[in-house]
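S.K.: Okay, handing you the structure first.
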Amino acid sequence: MSDLKTLAEALKNGTYSRVVFMVGAGISTGAGIPDFRSPGTGLYANLSKLNLPYAEAVFDIEYFRQSPKAFYTLAGELYPGKFLPTKFHYLIKLFEEKRLLRRVYTQNIDTLERIAGVGADYIVEAHGSFAANHCIDCDAELATELLKLDMEDELVDGIPVCRQCGGYVKPDIVFFGEGLPDRFYDLWEQDCKKTDLIIVAGTSLSVYPFAGLPAAVPRRTQRVLVNQERVGDFASSPRKVDILALRACDVIADELAELCGWADELVELIRKGKEGHEAKNTDKGVGTKEEEKEEKEREKEKEEKEEEKEEEKEEVERVKTEDEPDIDEIIKDISKLKVAEKELAPTEK
Ligand SMILES: [Zn+2]
């Protein structure tokens, strides 16, 4: 059986150039995202109080129709922005930078691929995401800002409602009983035959149609499984050349980066990512940070001009009180002041 070292050699010598990742919850556990199925976690305890008929009911569209509270309890814990990508997410980003990435199919709704900086064109969020929200009755869209406000609003019990018809609103996450996004089927049709290496990571391959992807790739495509145990097609109909890396995803990210000679680059990506996240948390965001800086500069300029104005005023005052000057002098000073005032007029864009 081949191993990780063989894979690293092949990656280094350019054997593969169209790599497809297929990832699940296991790549995000290192980020601290709580697993709602695990007893002992706060999330599990919170959901238990809601008397779910079974754990997955939280993502069941029919259950949501009757009782949306369970989903919003979970959503409050999982809402994007709280968590940092893992090493494995940055490994995917590194594949993109090395021009080896063709696509990443993710079952996760945590958007950590995006947060790690992977380009949107490369990402297929097979189970949707929190990016937009729609009413489950009339399909009207609800802006994310409003959704978040409702989630915090005790008056509606934290459940966002449609402004058009009063129905329940849910983020565009694919629930059991709903179809996958068209993008998933459209791109898979192209990628399936064009990929030369698939890396399946952190998924139990138990939810279809996603679970069927590894079995669908041609025999010439190298398959790699990164997971704690053999799952899905890797267990039921393994291929002779399958590479199995049966350890935690982040451990494999480290090992593979090391074997490929990319360890420093991976560390650098993670460092930059953390920095960006911290900047976002202390300010309003990277984009607005610039604006804030500019705003501060504008304010400083204004203050300086105001000081100048004050000084001039004082001078006029002094002239008035100390020297008992002639009227012409005063008029001259006043007109000077007016010019200064004009210069100070607000120049709003
Ligand atoms: Zn509606």
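Glycine too: its Cβ is placed from the backbone N, Cα and C atoms.
Note: TrEMBL annotation is automatic and uncurated.
For H127, the entry in TrEMBL reads active site, proton acceptor. The NAD(+) binding site feature in TrEMBL is assigned to 25-29, 35-37, 107-110, 203-204, 227-229, C249. The Zn(2+) binding site annotation in TrEMBL covers C135, C138, C162, C165. Feature annotation from TrEMBL assigns compositional bias 'Basic and acidic residues' to 277-303. If you look up TrEMBL, you'll see 304-314 marked as compositional bias 'Acidic residues'. Residues annotated as domain 'Deacetylase sirtuin-type' in TrEMBL: 1-263. Marked as region 'Disordered' by TrEMBL: 277-331.
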S.K.: Under 6 Å from ligand 1 by Cβ, which binding-site residues from S28, N108, C165?
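M.R.: Cβ < 6 Å from ligand 1, in sequence order: C165.
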S.K.: Starting from the Cβ centroid of C135, C138, C162, C165, which together make up the recorded Zn(2+) site, report each further residue of the same chain whose Cβ lies within 8 Å of that point, ordered by sequence.
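M.R.: Leaving out the recorded residues gives I136, D137, D139, A140, R163, Q164, G166, G167, V169.
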S.K.: Looking only at Cβ atoms, how many others are within 10 Å of the one on Q228 (NAD(+) binding site)?
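M.R.: For Q228 (NAD(+) binding site), the count of other Cβ atoms within 10 Å is 12.
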S.K.: Have a look at the recorded positions H127, C135, C138, C162, C165 and say which one has the shortest Cα distance to T203 (NAD(+) binding site).
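M.R.: Going through H127, C135, C138, C162, C165 one by one, the closest to T203 (NAD(+) binding site) is H127.
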S.K.: Between the Cα atoms of A25 (NAD(+) binding site) and C138 (Zn(2+) binding site), what distance do you get, rounded to the nearest Å?
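M.R.: A25 (NAD(+) binding site) and C138 (Zn(2+) binding site) have their Cα atoms 31 Å apart.
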S.K.: Filter the recorded positions H127, C135, C165 down to the ones within 10 angstroms of N108 (NAD(+) binding site), Cα to Cα, kept in sequence order.
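M.R.: Taking H127, C135, C165 one by one, the ones whose Cα falls within 10 Å of N108 (NAD(+) binding site) are H127.
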S.K.: To see if you understand the setup: which same-chain residues, six or more apart in sequence, place their Cβ under 8 Å from that of C165 (Zn(2+) binding site)?
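M.R.: Result: C135, D137, C138, A140.
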S.K.: Look up C165 (Zn(2+) binding site) in the DSSP assignment and report helix, strand or coil.
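M.R.: Looking at the DSSP assignment, C165 (Zn(2+) binding site) belongs to neither helix nor strand, so coil.
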S.K.: Around H127 (active site, proton acceptor), which residues of its chain at least 6 apart sit with Cβ under 8 Å of its Cβ?
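M.R.: Once residues fewer than 6 apart are set aside, H127 (active site, proton acceptor) is near T106, Q107, N108, I109, I173, V174, L180, F210.
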S.K.: DSSP on T203 (NAD(+) binding site), three-state: which is it?
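M.R.: DSSP assigns T203 (NAD(+) binding site) to coil.
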S.K.: Any idea which of the binding-site residues C135, C138 has the thinnest Cβ neighbourhood at 10 Å?
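M.R.: Per-residue Cβ counts within 10 Å for the binding-site residues C135, C138 bottom out at C138.
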S.K.: Compute the C-alpha separation of C162 (Zn(2+) binding site) from S28 (NAD(+) binding site), stating it in Å without decimals.
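M.R.: With distance taken Cα to Cα, S28 (NAD(+) binding site) is 31 Å from C162 (Zn(2+) binding site).
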